[in-house]
Ligand SMILES: C[S@@+](CC[C@H](N)C(=O)[O-])C[C@H]1O[C@@H](n2cnc3c(N)ncnc32)[C@H](O)[C@@H]1O
């Protein structure tokens, strides 16, 4: 049995003991500078995230569903003056991300394992300057479960600074249209950029960082990438 902070490790990830665990569970403890999976620790950092990073940066950008980390690692390298907080649920993807961050010796990136539906449990008022959501699950047939919806906007009313931005990419036509509709009917947010074909817009593409899913959609599935940039008023 492996313990972490006087508790059996599995209790951080599973509700019942098992005879076989996800092998990435054991690797989670190897990246204390990059990976936080203890729920209590994550919640205790609320309102003081900047103190957790080994730098003097003041702006924090959140990424929800950061996958295996290609996007966040490149973003952190391009923007050493901002701190990135990346939220993901899957252990394998978190471990892959932390491995990459450690290899690059990045000081401005942290990964957390937390349900992003409950942002206000670990972020306080105006704590973030921006939010990235890349290719969230489209939940076809169960659209109420989509990450970018009314509930997220309500949470962002609290945690996102005024003039803070939301950057959203999707492969999914209906998700794209529903977000356009959602923002158009809101008086608190405004769309500043939108395209239903990111790769036909050279200027936007210049700053684009390709995610793992984006790579798959473009090269294998040949699906057009939709992009929206939203500002909080
Ligand atoms: C389709 S993948 C996209 C991953 C990555 N952004 C990319 O573009 O390659 C969606 C990711 O969101 C994560 N996710 C889903 N629900 C989540 C939640 N409630 N909180 C945090 N992450 C979540 C999933 O584990 C998955 O890795």
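In case you wondered, yes, glycine gets a Cβ from its N, Cα and C as well.
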211, 212, 213, 214 show up in TrEMBL as binding substrate; which entry in 157, 171, 173 does that record put in the same site?
171
Quick one: which of 40, 41, 88 does TrEMBL put in the S-adenosyl-L-methionine site with 63, 115, 137?
88
Rounded to a whole number, how many Å is the Cα of residue 171 (substrate binding site) away from the Cα of residue 88 (S-adenosyl-L-methionine binding site)?
19
Let me make sure I understand the structure: which of the binding-site residues listed (88, 212, 213) has the fewest other Cβ atoms within 10 A of its Cβ?
212
Round to the nearest Å and give the CA-to-CA distance linking residue 213 (substrate binding site) with residue 137 (S-adenosyl-L-methionine binding site).
11
